[in-house]
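Chemist: Just lifted these from TrEMBL, have a look:
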- 70-87: transmembrane segment (TRANSMEM)
- 99-124: transmembrane segment (TRANSMEM)
- 200-221: transmembrane segment (TRANSMEM)
- 242-261: transmembrane segment (TRANSMEM)
- 273-297: transmembrane segment (TRANSMEM)
- 375-473: domain 'Cyclic nucleotide-binding' (DOMAIN)
- 441-461: transmembrane segment (TRANSMEM)
- 500-522: region 'Disordered' (REGION)
- 502-514: compositional bias 'Low complexity' (COMPBIAS)
- 542-562: region 'Disordered' (REGION)
- 542-553: compositional bias 'Low complexity' (COMPBIAS)
- 648-674: transmembrane segment (TRANSMEM)
- 777-798: transmembrane segment (TRANSMEM)
- 877-897: transmembrane segment (TRANSMEM)
Amino acid sequence: MSARSRVSTRSSVASRSSDMQSWIMSRGRRSVGRAHGSFSLHTRVGKVLAEDRQNAFDPNARAVKLWDQVLLLCLLLEAFLLPYFLSFQREVVGVISTFFMLVVVCDFVFAVDLLAQAHMGYYSDGNLIRDKKRTIRRYVRSPQFAMDFIAIVPTQVLVIGYPELVTELLFLKLLLWSRLPHLVSSVDEFYAKHFVVLKLLKVLVSTVYLAHVLACVRYIFGEDQSRVDRWLPSSLSHGNSLLRDYLVSLFWSVGIMTGLFEGELPRHSSEFLFTILVSLCGFSMFTTLCATIFVISKCESGNAEAMSARINQLVHVLSFHHVPESQQTQAIEYLKRYYTDAESADRETAKILCPSIANDIQVELLKSTLAQISLFVGCNDQFIVAMTSLLELTAVPAQTTLFTEGDHGSAMYVVRSGVLAVIARSVTVLEMRKGTCFGELFVFSSMACTATVISTTYSILYKLSRFHCERVLEGYPDCASVIAVHVKDILRQLNISEDESGSNTSYNSISSRSNSRRAALRRASVTTGGIAGALARARGSSRGSSFLSSHRISISRKQSKKNSIGPLLQDILQSGTKPASNEHLSRENTTMSTDDLLSHTLTLKNENEPPPFEQRQGPKLKLVYRHHGLWRLVVLQRCIDFDSPARMWWLLLLFSNLCYCWIMVPVQVIFPLWQRPSWVTQSIDCISNIGLLLDLVLNLNLSFMIESDKVMDPKLSAYRYLRTGFRFDLLCALPYEYLSIEHYGPLRLPRLVRVFHLTRHLKELDHFIQLNSGRQLVLLTLMFFIMFHVVACIYFGISSIEGFDPNENEAWVCPTSLCLRRLNATHLENCNGVIFDENMNRSELGEIAAMEYFRSLYYAVGVLASPGKTVEPTSDFQLVAALILMLGGFLISGVVVDNVQKRFTASAFEQKQFFETSTRIQLFLRRQKAPLAIHHRVKSFLDYWWSSHRGAVIRELLADLPRSMRLELLRSICTPVLQTLALLQGVHPVRDKLEEVMVWKTLVLSCTDKERPCIAMVTTLLGCISCWKVKSAS
């Protein structure tokens, strides 16, 4: 900060403090003649100056949010420790111990928070008050201060004279729970981007805390000393370990809440009542979990169900009206992109926001793009902001014509995503991508379009019409004059360029002029400049075609090598000249006008010059580009199209490979018989490994999409894959198991990590095979079975670690009859010391291995799907494992319920909407007391409406389609009626106008009489025909 700024800051602070002092002194000089009212200017200025004090904490500061999280952790810690003290360790209260010191630390934190709350700013009537005196006065006078102060009173000092009261006085700390809503809302606001994890975490913490409190209450009932009340835990079986007693009580509460443990029958009414309460708590927590997961899925899916229903309705309507298959495919593909792309979410979100906020966001994102347009150089920032705020977001399907050669453009566009082609004289002279602005010269001048602009892919554009441009220019006359000068200069330079190109095709003359005109052409428009240069080359090619033909290269091949607009125009305009500059434009800089592009158009790459791709990306990719060494084997000459059927079959193979690994690898790690695989298993594993290594090579040559542009260059694909997921896939695909055959199973565990690719692969498969509700339920069932399988392997692994139990009927772990240990590659031993030869005792070992697996699978199904009751564990490790598995099954059950109901709801979404509409109509008829005949007609209409259009209105279904596409669909739908009307006498002279009225002035009407549909439409059109006849006769 400079000295002048520091002086000015000090002077402003001093002036503000002097104003405050003068106002306070003026308040003290009260006189009879100078009494100020509450609404006087003097009083209002005093209030503003008083609120201007900023010596208190900002409640929205990041440090305050972090402090709230510390308070929340301390509050939860005390909430967990207090029930434990009151039930398990009443004697440690007032004695120095670890848990007691944690409570003291938490009390100290809340004592510090008293000072923080006293200096915390607050909102009053929407204004932030940060005056320290007012915040202290407000907090001290509030009930919250009394509760906070009482909660942190050090009651532990009473242990000297009244030790029996210390435990009961701990309940005073529950007053701090009044701060819980504020602390939770603060955490929600701080982690708003991670609301899914936060919601699940809150449900999990609530469930664990409820189980913890119930476990503490369960322990208060005591132990079964006399062996009469078996509902109580036995003191002899658990000893004197507090950890064991706590885990047993917690296992009982979690088991009763989840329904996975039945326990013994209670003997007293209080025990019955408490068990019923625990069961009801578990039911309420399960419903809360399902509701939370349902809300999360709704938030994540957004309007996906409604959009999918609209697409299904449109498919049915178009099929019902026999619309050609090509038009159906084009419309459905457009709507899928329109509804599911990231731009669709942005578009819907912008509609929710306040218009001023949405406009400010658009200005911040696009004002730099418009400022780089050459025509706007010299215009002030207010003009750029005004132009940016008028941009309209629009979507166009592939093969949509935006400009036609010879027409006068009515709007300028900025490309947000997609690829557009500029075609002049049946030649593609330019491809425009994200950030490119085109059409501005046609809007600000009377120049006609010199080429045709067509979208080659689905594109998102920002549109600015000529009308809006003219209105803005009226308000900024200085900018209008600057733009007029730029337009005249551009037109003059383009005319000179065309004349010189037409008069001279010599290599040397063209090369020498390129550098001299570079500065003048800096103000050329992207579209106009590129087209003009291309047209000039087309005129000059008639004189030098024999020289230029040998150097002509296709646009697509050159684009795949260079991936930029500059080199593309360079090859189009001058394929036989030498380079005048080594500059190359990157793809990200397409926002600049073609003045920069035309500076390179009269150059040609030297044979000894490194390729443009290597120039932009550095020396790391030289091997990729030149195909030296190993790259000749792994990089193909052409990319693999990700839309090809071969990609679909390969994805299915990868999915099968992933399922195989998740089934076989856990078995090879846990079960002794499979720890040394047979030659058949090793052969299948080898095929699986080859598939993963082959997937690495194929991913190096897989095409990809960038801003709706399909990149088919294998070198770009290889570079992209090497930079993103190659290392991860390589680590997962390496055959580590051949390093040590004794650890064959554990060394294959990296294969399982490829499950992180599952979501991406399923999205790709959805492009080929529509994952409707039925297929998604099948996929969910398969994943649920794999989950059962993994839990079964985990359970048997716990049995192997803990040791097998000799009790055959009532043990939580597997019995000793299923015990096997591998001695070497060919022999195994059971717990009784019997040795088995793997070759000679294959059948007996197979029976033992089958019993091991199916007993473990039985437990896994029981703990995840809750069909039966488990046995109480007998060790700490077993108790912890059982608790984790039961809580996991509790969560998985909620996820399964949500997915099942969501799939069924999505499959019948349009039917549900139609039923709601028909119910409203029937209720209306009942309230109006309509006759029975009307009810029958309405029912017939509704039946026909559902069978023909699935309860949809064509106008609403086609509303989001472009005008040209909507016109073609309506014309196809109305074709039968038009063919019938063409047979009428006198219709031929007005047939075209009749078609226009049919398509745009009338909608298809569904009649109640199924045998005579469209009678109402025909009647309406006959009136239109009469009107047209009268007009034509006059």
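Backbone N, Cα and C atoms are what each Cβ position is placed from, and that goes for glycine too.
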Chemist: Looking only at residues six or more beyond either end of the transmembrane segment (242-261), which have a C-beta under 8 A from one in the stretch?
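Modeler: Same-chain contacts beyond the ends: 84, 88-89, 207, 210-212, 214-216, 218-219, 233, 275, 278-279, 281-282, 285-286, 862-863, 866, 869-870, 872-873, 876, 879-880, 882-883, 886-887, 889-890.
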Chemist: Would you mind listing the long-range same-chain contacts of the transmembrane segment (70-87), meaning Cβ under 8 Å and 6+ residues beyond its ends?
Modeler: 93, 99, 102-103, 105-106, 109-110, 113, 167, 170-171, 173-174, 176-177, 179-180, 183-184, 186-187, 205, 209, 212-213, 216-217, 219-220, 246
Chemist: For the domain 'Cyclic nucleotide-binding' (375-473), what does DSSP give as the number of helix, strand and coil residues?
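Modeler: Helix, strand, coil within the domain 'Cyclic nucleotide-binding' (375-473): 23 helix, 39 strand, 37 coil.
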Chemist: Counting only pairs at least 6 apart in sequence, do the transmembrane segment (877-897) and the transmembrane segment (99-124) share 3+ Cβ pairs under 8 Å?
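Modeler: Contact between the transmembrane segment (99-124) and the transmembrane segment (877-897): absent, because fewer than 3 Cβ pairs are under 8 Å.
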